[in-house]
Amino acid sequence: MPRPTARNLAPNLRRRGSRTPDAAAGTGQGLIDLLPSVEVELATTDKKLAKVTADAVVLAVQKTPAGPVVLLPADAKGLPLDLEEQAKAVGATGAADEVKKLAAPKGSPWPSIVLTGLGTGDESPSHVEALRRSAGSATRALGKTDHAVFAFPVESVEEAAAVAEGIALGAYGFRAQKAKTAHSVGAPLTRATVLTSGIEAQEQELTAAVNRAEVLGRAVSRARTLVTLSPDVVFPESVAELAQALADGSTTSGKSSAELTVEVLDESELRAGGFGGLIGVGQGAARPPRLVRIGWEPKSPVESVALVGKGITFDSGGLSLKPANSMMTMKSDMAGAAAVLATVFAAAEAQLPVSVTGWLCLAENLPSGTATRPGDVITIRGGRTVEVLNTDAEGRLVLADGLVAAREEDPGLLLDIATLTGAQMVALGTRTAGVMGDDDAVETVLAASVASGEDLWPMPLPQHLRASLDSDVADLKNIGDRNGGMLVAGLFLKEFAGAQEAAQESAVEPVGPWAHLDIAGPSFNEDGPWGYTPKQGTGFGVRTMFSVIEMVGGEPV
């Protein structure tokens, strides 16, 4: 039996999804025009600090029981001798996310000294993450500054890379839907130089670290912007068109026979292909659903990874309508798909030696006379049926279609990422995501999360909860036990991410490992910014998935 490919998922798959009058109305401009076009320019230098000219020098401050301690670089010539006294005078404590400014001594090559807190060490899981977070806090405070030199006491390429990454992540401001006259408000830092005079490293190592930071900065900025943009411009067709526009504008395709492709299924093709989850969730909306496959195929891939993202571009709950207050942030229900899109393009830009496919499961969940009703039975890709008892448990339905489609291509590793359950936030809060699935996949994701600085926590998939998904009229139902809701949702997805019965006989196809990331809390920041994390869309998941791909490809993380 030949290995199935994306090209036989439905008729005419390679044709772009057709434009409909309803979907096109009122878009104004393409999403690609709303993505960030300006980013911080990163560099490193091994010059002595006094020889570097900039608008500001950034120093790290450690919080200790005895008071703030300014951590000086290897060569601190030019800095005030009474720097710690001055730091105390302006109220610096070294607390995490704290930023204070001082005037530099007359004649200094940098007129301003910026003190940024590292904390006590308890706020971050590692010293590397503390450096990343501290650099991000300082960068946010340096908006509208042209050039800053970051003179942290870094002792390795890993630490220098963390500082560069914190700068790239912190230099973000959402201005896409503000009046042009307001664009300069909150404009990010333009240029940043990381001082590396205390590191014994080859120049190419530092260059690679900076390039990686820039790639991740661009990717996370894309994901953040897509999540933060309003749902009248972010909808299934516009996201599909964005993916195609990004691929068309990429300089990656054609390099060394590598290929970057985008394929779209529109609503008629979804019906023909048996994607009942996407059709069922999206049938109440004027703007129809889409399934987008983004593929990165290097010349000689060492392994394959599939990423499946939930892309509910607005979630009203459908006929199981949410309360009004609960809808206010539901533009963010496509954060998983945004992270997948950003990650695949980042993998291509970085020329990672791994075949990567990203599946964007895109739909709007809205009530209407054509919407799915509680009690309806839908058929997921592959033939299994689901009784829909709550239309607000829709993410798992579109993911089921995406997981089956991804599994048909037999990837070496399968990950899905979704703002799936409110239960995730009840269990883990708003800064920590849950991960569950096969042991090998979960361990890989957790290792990648530690390297990336994103906080994930392993969760179980207790088999005794599976019985709560049994249905009297279908193969299973879309809701189960209320207690352990995050785990029940994971068990539902496991039904479609695992081995599928072959079409011919009852034989089971061999499958690779799978993990599910529930990012409901950390994908959207309703509070104030902190570290390198802005308010609204955070881009959570991009760095972890990118690190997973690096690990699978044997690249250093």
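Easy rule for this one: first residue shown is 1, then count along the chain.
Glycine is no exception: its Cβ is also placed from the backbone N, Cα and C atoms.
Site annotation (TrEMBL): Mn(2+) 2 is bound by Lys310, Asp315, Asp333, and the candidate from Glu237, Glu241, Glu394, Glu408 recorded at this site is Glu394. Summarised as a single figure, the pLDDT of the domain 'Cytosol aminopeptidase' (390-397) averages 99. Among the recorded positions Lys310, Lys322, Arg396, the residue whose Cβ has the fewest other Cβ atoms within 10 Å is Lys322. Secondary structure by DSSP for the domain 'Cytosol aminopeptidase' (390-397): 3 helix, 0 strand, 5 coil. A sphere of 10 angstroms centred on the C-beta of Asp315 (Mn(2+) 2 binding site) encloses 27 other C-beta atoms. Secondary structure from DSSP puts Lys322 (active site) in coil. Listed in chain order, the residues near the Mn(2+) 2 site other than Lys310, Asp315, Asp333, Glu394 are Val281, Gly311, Ile312, Met330, Met334, Ala363, Asn365, Gly395, Val398, Ala418, Thr419, each with its Cβ within 8 Å of the site Cβ centroid. Within its own chain, Asp333 (Mn(2+) 2 binding site) has Lys310, Ile312, Thr313, Phe314, Asp315, Asn365, Gly395, Thr419 as residues 6 or more apart in sequence whose C-beta sits under 8 angstroms from its own.
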